[in-house]
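Database features, via Swiss-Prot:
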BINDING   HIS66, HIS68, HIS236, ASP311  Fe(3+) binding site
BINDING   HIS66, HIS68, HIS236, ASP311  Zn(2+) binding site
BINDING   ARG75, TYR138, HIS171, GLN239, THR316  4-imidazolone-5-propanoate binding site
BINDING   TYR138, ASN313, GLY315  N-formimidoyl-L-glutamate binding site
Amino acid sequence: MKKLWQNCHIATMQNGQYSYIEDAAIVTEGHLIHWIGKQQQLPADTYSETVDLNGAWVTPGFIDCHTHSVFGGNRSVEFEKRLQGVSYAEIAASGGGIASTVRATREASEEQLLNSALKRIRCMQQDGVTTIEIKSGYGLNYENERKMLRVIRQIGEKLPMTVKSTCLAAHALPPEYKDQSDAYIEHICTEMLPKLHAEGLVDAVDAFCEHLAFSPAQVERVFKTAQSLGLPVKLHAEQLSSLGGSSLAARYHALSADHLEYMTEDDVKAMAESGTVAVLLPGAFYLLRETQYPPIESLIKHGVRIALSSDLNPGTSPALSLRLMLNMGSTLFRLTPEQALAGITIHAAQALGLEQTHGSLEQGKVADFVAWDIEHPSEIVYWLGGDLPKRVVQHGQEVIF
C-alpha cells in the first residue's frame, strides 16, 4: 500500500547538492520511494495513510560509514590520563590503548557486546542515522573476530537500520603474534578471512596501514585475499604518516580510504581516477588534537568525493552524534554545510557501495529519510546539540524511540 508524506520541503542530496524541492511530497510503497516531487504535481491516487509533516525539511537518512561501534569496556580513564600529560605511547606501553579494548572485547560475551552496542547505536538513530557500517578489529583472532561480526549481524536484525559489516582483523598486532606481523597477516589471509566470509559475516574488508600497524605490502596481501573472495576493500590510511596507503587503496579500487591527514597530491590524483571516496573523521582529529589537516582543497579540486563519519570507537573518537561531526567537518575542515551533508548522505552511501539504493531521495530508492524542525538544511550543520529530528523514517516506516 502507498503512504503519502506531504507538506514538506526536501533536500534530496542528488549529485552531492541540496537539490531542493519546496512545497513537496513523498509517496512511499513498501520500503521504497514510489514518487517524489512538488505537492501540486502529486498524481491522483489512493493512499493507505497520509502524514502531514507540517512544513518540515526532509533529508535522506544519515549514513555513518566508518564506525567501531562494537567493543568491550571503554577508555575514559585513559582519556583522563592523556589530559594529565601522559602520552599515548606511555599508555600503550603500560597495557592500555587498543590492547586494553582487545582484552575487554575478548572477555565480553556476545550478549554483553550486543547490549552495549545497541545502547550506543540507538543514540545515533535518534540523531537521524538510518544506515551504519560497523567494523570488527578488537578480537584479532578467529574466535573473537567472528564473535564481533556475529554481533554486527545481530544489530541489523534487532534494529530498524541498514547495517554493513567490515572485517578489520588487520587492525593491530595481537599479543600472541608479538613481533610476528607477517605471520599474523598470513593467518588472516589463509584462515580468518576465508572462514568468516564463508559464514556470510563479511560485507567488506579493511586494514590499518601505518607504522604502528601494518605496511603497504602487508595490506596488499590482505587486499589480494579479499579480492579473491569477491569482497570490496577499504583502508585506514595516512592518518599519522605518509605511506602511500591511499594510492594502494586506489589501485585496488577501494570503496574508500579513511583519515587521510598525510596524503599527497599523487594520492589524491590516484583516488580521483579510481573513484575511491575520501572519508574524513573529524572526531579523531579533534580528540587527538591533530595539526596536520587532510588536503581538502586538493580533494575538491580533483573531484574526489568526500564523506564524513563519526569513527565511533572507545579510544580516539567516542562520538555518539553524527550531527556533531557535521559541525566539526565544517568548522575544522572548512566544508560548506552542503558539502558536509553530502558527506553523510550520498557520498557516505558511495563509501559503502550503496549509492544505487541509498544516500539521496529519488524515485525507486530506499525510503530512508528524516524530517527536521528547521528553516533551512544548513541548520542541521549549524546547531550543536538539541533535539532537531521530528521523525526518522526507515524503509518507509517511522521509527519509534
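Positions of Cβ are set from backbone N, Cα and C atoms, glycine also.
Annotated features, which come from Swiss-Prot, shown on the structure.
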{"residue": "HIS66", "record": "Fe(3+) binding site", "DSSP class": "coil"}
{"residue": "ARG75", "record": "4-imidazolone-5-propanoate binding site", "DSSP class": "coil"}
{"residue": "TYR138", "record": "4-imidazolone-5-propanoate binding site", "DSSP class": "coil"}
{"residue": "HIS236", "record": "Fe(3+) binding site", "DSSP class": "strand"}
{"residue": "ASP311", "record": "Fe(3+) binding site", "DSSP class": "coil"}
{"residue": "THR316", "record": "4-imidazolone-5-propanoate binding site", "DSSP class": "coil"}
Binding-site residues near HIS171 (4-imidazolone-5-propanoate binding site), in sequence order, restricted to HIS66, HIS236, ASN313 and a 10 Å Cα cut-off: HIS236
Cβ-based isolation winner (fewest other Cβ atoms within 10 Å) among the binding-site residues HIS66, HIS171, HIS236: HIS171
Minimum Cα separation from GLY315 (N-formimidoyl-L-glutamate binding site), reported as the residue among binding-site residues HIS66, HIS68, ARG75, HIS236, GLN239 that achieves it: ARG75
Distance, HIS68 (Fe(3+) binding site) to TYR138 (4-imidazolone-5-propanoate binding site) (CA atoms, angstrom): 9
Minimum Cα separation from THR316 (4-imidazolone-5-propanoate binding site), reported as the residue among binding-site residues HIS66, HIS68, HIS236 that achieves it: HIS68
Cβ-Cβ neighbours of THR316 (4-imidazolone-5-propanoate binding site) (radius 10 Å): 22
Minimum Cα separation from ASN313 (N-formimidoyl-L-glutamate binding site), reported as the residue among binding-site residues HIS66, HIS68, ARG75, HIS236, GLN239 that achieves it: HIS68
